[in-house]
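Pulled from TrEMBL, these are the features on record:
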- 16-27, Leu56, Glu77, 121-122, Arg139: S-adenosyl-L-methionine binding site (BINDING)
Amino acid sequence: SDIGSQKNRVVTEEEWLQKWAMGNTGFHKERGHPLLQKYLDVLLSGRNGLRIFFPLCGKAVEMKWLADMGHNVVGVEVSEQALKEFFAEHSLPYCEEPVPEISGAKKFQSTSGNISLYCCSIYDLSSSIVGKFDAVWDRGALVAVNPCDRQRYASLMITLMEKNSSYLLVTVSYDPNKHKGPPFYVPESEIKSLFG
Ligand code: SAH
């Protein structure tokens, strides 16, 4: 199949931390993603004060943007450096505390309380720890997940969603034989089978 070439590829947590340490973060968009602006109404559908989840959040500036609109943002990211850079680059004061349910994890919360970022693997989270969400912004997340972990990732995401939630997913279309990823190529047929 055309995704066969990427099926067994694995990027480890250490490699991600290394990317952050080396500044190999070309995926970060300083000015936010145009597709979030374009589909913002679809994500919010007129609702206020939503709980919005950012899986594999990096230091996405859209978190600040949605928080400023009055929503509550929760993110998860393995790189502590990314999270600290997020708060520093937006001059946001924050506090740091352990997460009792997850050994080694930390939660960074803006002093204003509306941005909570978990520093741990997304696979350590569950709805009993972070609750459920009204909206999800998935950019550089599903496509960054190792192909062998996609099913686990999608199943977890589904457990984190409220009944009437909306999920914006950004994927990248290209020939997977020409680039090893990430971002990985996730064909539309696979998205349908993962999320139904
Ligand atoms: N969504 C962000 C970042 C995309 S890059 C954006 O749009 O800019 C993918 C990010 O996922 C990296 O910052 C990497 O450190 C993080 N990551 C990779 N595996 C992870 C995991 N299992 N749990 C949490 N974060 C992870």
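If you go along the chain as it appears here, the first residue is 1 and each next one adds 1.
Cβ from N, Cα, C; glycine included.
Whatever TrEMBL says is automated annotation, not expert-curated.
With a CB cut-off of under 6 A applied against ligand 1, the binding-site residues Trp16, Lys19, Met22, Ile122 are reduced to Trp16, Ile122. Between the listed binding-site residues, namely Met22, Leu56, Ile122, the fewest other CB atoms within 10 angstroms of a CB are found at Met22. When the binding-site residues Trp16, Lys19, Thr25 are scored by other C-beta atoms within 10 Å, Trp16 scores highest.
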